[in-house]
Every structure is written in C-alpha cells, then in structure tokens.
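One structure is given below, encoded as structure tokens.
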Amino acid sequence: MDHVKLVGDPIDISHIHELLLDDGCGASSVFVGTTRDNFQGKKVVSLAYEAYDNMAIKEMNKICSDLRSKWPGLKHIVIHHRLGTVPVREASVVIAASSPHRSEALESVSFAIDQLKTRVPIWKKEIYEGDHEAEWKENKESIRAKQSLSSFNYSACPCQVEESHEVPQKLVQIRVNDAELSKRLECFVNRKRDEINSQNIIDFKHPPADSVPELSDSCARTQSTVIKQEKSNCHIKVRRVNNRSFPQQMELRPNYELELNKLMGSRDGQNEPSVKMRKSLYDSRLLTIESYMGLAPKSEDDIFSRIKTLEDRILLLESISPEYKHFTNIEPSSLEPPAPKKTRKKSYSAHELGMLIEKIKNE
C-alpha cells in the first residue's frame, strides 16, 4: 500500500514503522532527512519548506508507481514530507519501504529520495542566525532549466500577511516584488511598441534605393510616405462589392435592345411598322425620354438607336447617382408650353363710358 502525505506537524517515526509492518515482509528500509545546524560556516536556525500541494502529491504518487514497476516485490511504501518551519534536529522528510528481501527495500528507498529531490515541486529556505539574510536553496538534482530557476527570485519576495487575513500558499502564483513586476510590464510594453513600429515602417515607408543610404534614426512618423494601392487613391486596400440588386447590379436588368427588337424589329416586308405605329412609338417613348433628359428631338433617322442611347444614359446615371435628376440644368417642366395668364377685365363706370364716347366723337 502507498502512504503519501504532506504534513505541517512533526513526523512521527513510530507511526511510520507501524505502516510498514506486514507478516510477509522480512526487511524494512527507512530514510529520515533532518535539519542540520550549519551551512558554509553560517549557523542555521531552521528550514522553511513550501510546496505546490496538488502537483507535489501527484508526483509523489508517480514515484510510488515507478518503484513498484522496478521492484514488484515491494509491499508498503511511505513518503511523508513536512511543510512550514522545521527546526534543527527535526525530520523534514521520511521515505520508507518494506519487502520480503532487504535488497529491494534498500535500493527502492535510495531511488525514491533521488526522484523526490528531482521531480517534486518543494522549495526550501534556510534561515540563519544573526544578520545573515535567509536564502532559498535549489536542489542540485532538479531537472528544471537553470534559466527558469534564475528568473524566479524568491529572496526578493517579502510576504507580510496579517494572521487574520492569511492566504493559502497554493493560491499565490506571482511571488515577485513591485520592482520586478514593473520591470516585466515595461519589457512587455516595449516589445509591443517595437512590433507596431516595425509594421508602420512596412506600411508607410518606401524601401531605400541603392543610391540612397538608409538613415539610422529614421522612422515612419517623420518620413512617412503614402504608398497608393493599385487603382486606388489611398494606401488602404479597397475591395469591389458586387451588389445582388439595385442599380449597380446591371446583369439583373432587362435587355432593352432585345426587347425593342422583338417589338419593333422588321420581320417581313408586310409586317413593317406603319406610319401611325411609328408616330405612336415616337410619342410614347422617344419624346418622353428626350424630354426627361432635357433634349429636343432633331431628326427621325435611326430612331431605335436613339432610344437605345437614351436608355443607356439613364441606366448609367442611375448606377452612378440615383439623385441625378435634382442636378440637371433643364427641368422637364420647362419644356411644357407656358399656361396663358389670366387677366381680369377692367370694369368701367357710367361716367367713364360717357367720357370715352365723347372722346371718340371729337376725334
């Protein structure tokens, strides 16, 4: 059976022995790691351990699985690690295994402690006596890249939290001071600014000619040049939109020339339009269109071509500007004959009529 646990209290070694007991086992191997009182001439008071709990438990269970795959005869495996402050001479980690033979127990425990130091995310901080600053220590056996370790500065992360507002360690993910955080934000902003500047140079600056040396202190803001797109008046790419209806969609409009040929085209000599029919067509179509366009009829020659030309002109104006009617110089109403002015006849009195008669007689 596997016994994996992270504890905050002192580890009970007698309890570990009870977990290893089994009638079929003839050997038990126990490793106990304790806190020593010195490091490189400095007096060590205690060790402080922190861990990413969920991942640490997961990795410790994987170590147990690896042990059983290498030594199938193992009966019980115990891995207990203490978190928090561990004073001198107290146990910080206990790894034990029981098996029918001593070789499997001894080899498995040695392998387990090496894997624990290498894989499990547990960090150790040494607290020294006197004015020496505490230091976070890395495991030499760790498989993590040195770059990732150096980028995380544990010593620059003083954490002062009131006891009434204590935050669980597993919820803290950014453990840097304000200066380090500001530095990272500044680097991020500078990198984004460089990307924008590079894109502006591509969009607004001509590539330097062979004869003109490139200026080292030039930028798109001071030496920008608008590069016009093909068939466009600006540097922005313009796409043509094909409407499915309305004046721009000319394909959906009827073929007027074909319709006119069907109605007025000559089929046989006997079916040619009569003079009356020609006059009717002229009055109903040609005169209306030419009046609307502000044109006066000049000749009756090639009447169908004139109709087709006028209709094409109207279609063109509609496609360009539907409001073209409001900008024509000659309004259709101006071609109509002016209405006769209504004048009111003057009324004469009897005295005025008498004077007018006397004047005529005297002449």
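Heads up, the Cβ atoms here are built off N, Cα and C, so glycines get one too.
According to Swiss-Prot, the substrate binding site annotation covers His101, Arg102, Lys117, Lys124, Lys125, Glu126, on the basis of sequence analysis.
According to Swiss-Prot, the feature region 'Disordered' maps to 329-349.
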Span of the substrate site, taken as the largest CA to CA distance across His101, Arg102, Lys117, Lys124, Lys125, Glu126 (Å, rounded to a whole number): 38
Protein Cβ atoms within 10 Å of Lys117 (substrate binding site), excluding its own: 15
His101 (substrate binding site) CB neighbourhood, other CB atoms within 10 A: 12
